[in-house]
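Straight from TrEMBL, the features:
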DOMAIN    523-690  domain 'Yip1'
REPEAT    119-150  repeat 'NHL'
SIGNAL    1-28  signal peptide
TRANSMEM  474-496  transmembrane segment
TRANSMEM  541-559  transmembrane segment
TRANSMEM  579-598  transmembrane segment
TRANSMEM  610-630  transmembrane segment
TRANSMEM  642-662  transmembrane segment
TRANSMEM  674-693  transmembrane segment
Amino acid sequence: MRNTGSWRRLIAALIILCTALMPGAAQAEVKYPTFTKDSYGNLIWLQPAYYPMGVLGGDLTAPEGNGSTARIPSPMRNPKDIFIDANNEVYIADTGNNRIVHMTEQGKLIRYLTLPESPLQKPEGVFVTSKGEIYIADTGNKRVVKLGPDGKLQQEFGRPDSRYISETFTYDPAKVMVDERGFLYIAVHGGYEGLVLLDPRGKFQGFFGANRTALSPLDALKRMLYTKQMYANEVAKKPETINSVATDQNGYIYTVTGGMTKSDQLKKLNTKGANLLRSSVKSFGESRPGDAAAAAAAAASTTAQGAPTPQLIDVAVDRSGNMVVVDQQFKYISHYDYAGNLLYFWGGPSAAGSSQVGLLKSPAALDINSRSELFVLDDQENIVQVFRLSEFGQKVDEANQLTLAGNYNGSEKPWGDVLRMNAQFTPAILGLAKAAFHKEDYPKAQALFKEAGDREGYSESFWQIRMLWFQSNFSWIASLTVFGSVLFLAAGRWTAGMSFRARWSRRSEPRSSFLRSLKHAFYILKHPVDGFTAVRYEGKGTYASALVLLAAVYLALVFKESVTGFAFNMTRMVDVYTLFLQSFIVWAGWVFSNHLVSSIYRGEGRFRDIVIGSSYVFVPYIVVGVPLALLSNGMTLSEESVYSMVLTGMTLWTGLLLFWKVQFIHNYSVGETVINIVLTLCTMLVIGVLLFVTGGLTSDLLSLIREMLQEVVNR
């Protein structure tokens with residue numbers, strides 16, 4: 001019995017010790033996941049970057065009235081905006097109650113701003129300057145009002161009077177931001193023209209930061225084919241409306257846009273209105289493929305292609321210039337660094353009929369205080385949820401600040417700590433790569449930039465490595481080049497009259513028809529007219545040589561995808577089966593369709609000639625593509641124009657060979673060749689659509705038969 005008691009005490013002590021060694025275990029069990037994405041778009045799970053701290057605004061009270069000192073509950077109703085001033089005090093546009101709620105960061109009520117002398121009507125936006133001046137977007141009264149720190153009305157900004165504003169323009173201010181000069185940037189409902197820019201006196205200065213109209217290929221085709229009258233009758237496509245506006249300590253202006261837009265959802269504008277985040281590959285507002293939020297949103301908001309669209313509703317900027325946006329559609333909060341690179345995103349929708357701390361039902365706005373604590377306003381729950389950085393989030397924030405300040409050596413340790421917490425966190429790998437580059441450890445920087453998927457950093461590191469190598473080896477490279485050139489010229493002159501060169505020039509054709517056909521494929525590169533004519537009328541070419549060349553072209557494509565330098569090709573893995581199917585289907589579709597069209601459209605080429613000629617035209621992919629893939633490993637992005645020129649030249653060469661193949665195998669004129677190619681492409685399209693429809697119907701039929709058989713068996 002004595003031994004049993006000792007064992008129990010030992011086990012209890014071990015449990016207490018393990019609990020003490022895991023202080024964050026209880027905190028880590030948050031109700032929402034946190035993710036990031038690597039440079040290839042793959043989703044990576046992270047430990048929480050933010051923990052919920054509490055809720056504000058759920059216990060507001062107001063005087064009962066009628067001279068009574070008693071207070072009664074006065075919850076917020078449909079609040080639309082939140083702002084945190086320099087003192088970390090919180091201002092909320094309580095739209096449904098026609099007031100601004102002013103409270104401490106702990107949620108203690110300071111005052112209600114109702115403007116009794118000119119009552120507010122459904123205010124949707126609030127902004128406080130460093131001087132304590134309060135600007136309110138008084139939406140219901142179609143104005144913006146300026147209040148002093150004491151809450152007294154100082155100025156009204158109604159609809160500006162300007163000949164540059166259309167009579168149909170509706171002035172319904174939704175959000176307002178004021179810069180250090182006192183200029184107002186006002187987001188209005190339905191204001192596709194951009195932000196309304198007013199000077200401190202209320203004089204109209206123009207529209208600012210308007211979004212661009214997204215035109216589909218169908219719209220471009222309509223512009224080409226429609227008459228002016230027909231196009232005028234079309235429904236006008238207008239840019240999406242800006243949802244919110246914010247600024248940072250450096251004077252940059254940030255806007256977010258929802259709607260159907262896929263690009264420019266988040267913009268960082270300078271005073272000239274130029275977007276510093278514009279990129280053809282960047283989009284903002286994150287979600288997980290196939291998650292519950294995306295599935296629920298798919299029926300409510302889709303693009304023309306049927307994909308769920310992020311609905312960014314607000315943006316906040318911290319002291320380091322990092323941007324935080326909230327998505328009303330998927331209920332995710334996404335964090336980006338100053339350059340628009342994703343750090344992480346987290347959150348998700350709250351379950352219907354219940355309130356869950358950390359999850360959102362209808363996010364309306366957010367802001368961030370001086371300690372990087374996040375305040376998220378929910379206009380359905382009528383509360384503010386407060387989140388603070390976790391240890392992981394603090395390390396990321398610390399390292400990111402040091403990197404932004406240019407202290408790369410100082411950032412190395414915190415980035416290393418972050419990477420030890422999560423070895424797949426791409427921003428940490430990128431931060432360590434920048435630190436290694438700053439320390440002139442270029443091989444390490446190159447490897448880390450490649451791991452992080454940063455082509456520019458990888459290329460710059462390799463450029464430094466290449467330059468240092470040339471500097472240390474220039475003397476023997478130059479000597480070898482000169483010596484080799486002299487030796488080559490001397491050997492050419494010395495062997496000019498020798499018999500073996502004469503015998504080589506008079507060598508006979510290969511006896512094998514297969515080898516002669518392969519040689520003819522390369523002859524076509526220099527003499528396409530004679531070469532394709534010989535394929536049709538002299539029988540130059542065999543099925544065997546065509547098959548071998550097709551296999552060689554496929555291997556060249558695989559080689560190009562696998563070997564091309566990282567600066568020009570970020571592909572990690574090559575799906576050889578998909579590449580084969582895509583290549584073969586396109587080639588076979590072209591051969592079959594061209595034979596059909598040519599049989600009807602006076603073509604003289606036989607099916608055999610089309611197969612052989614359609615194989616020979618891709619020889620440039622072998623003679624140019626393979627060497628280019630090898631050379632790309634010694635090139636940097638500074639030589640991208642050279643790489644692109646050679647790649648374009650190879651493609652044009654192949655296209656010209658295809659054109660000449662159709663022309664001379666079928667004995668067409670130039671115009672007939674163009675018509676034949678267009679009809680062939682249209683035939684390929686029709687066949688593709690028919691196969692797609694047939695496949696879908698066959699699948700449905702098989703499913704129906706399977707269900708009928710199951711029904712019979714079950715009964």
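In case you wondered, yes, glycine gets a Cβ from its N, Cα and C as well.
In TrEMBL, annotation is done automatically, which means it is predicted and not curated.
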Top stretch among 541-559, 642-662, 674-693 for CB pairs under 8 A with the transmembrane segment (579-598)?
674-693
Which residues of the chain, 6 or more past the ends of the transmembrane segment (642-662), have a CB below 8 A from one of its CBs?
524-525, 528-529, 532, 568, 594, 613-614, 616-621, 624-625, 628, 632, 635, 668, 673, 676-677
Against which stretches of its own chain does the repeat 'NHL' (119-150) lie, if we need a Cβ under 8 Å and a gap of at least six residues from its ends?
80-83, 85-86, 91-96, 98-100, 113, 156-159, 171-178, 180, 184, 186-187, 189
Counting only residues at least 6 beyond its ends, the same-chain positions whose CB falls under 8 A of a CB in the transmembrane segment (674-693) are 589-590, 592-594, 596-598, 601, 603, 658-659, 662, 666, 668
Grab the pLDDT values for the repeat 'NHL' (119-150) and give me their mean, rounded.
96
The transmembrane segment (541-559): which same-chain residues, six or more beyond its ends, come within Cβ distance under 8 Å?
513-514, 517-518, 520-521, 535, 574, 576, 579-580, 583, 587, 608-609, 611-613, 615-616, 618-619, 621-622, 625-626, 629
Could you tell me how many residues in the repeat 'NHL' (119-150) are helical, how many are strand and how many are coil under DSSP?
3 helix, 14 strand, 15 coil
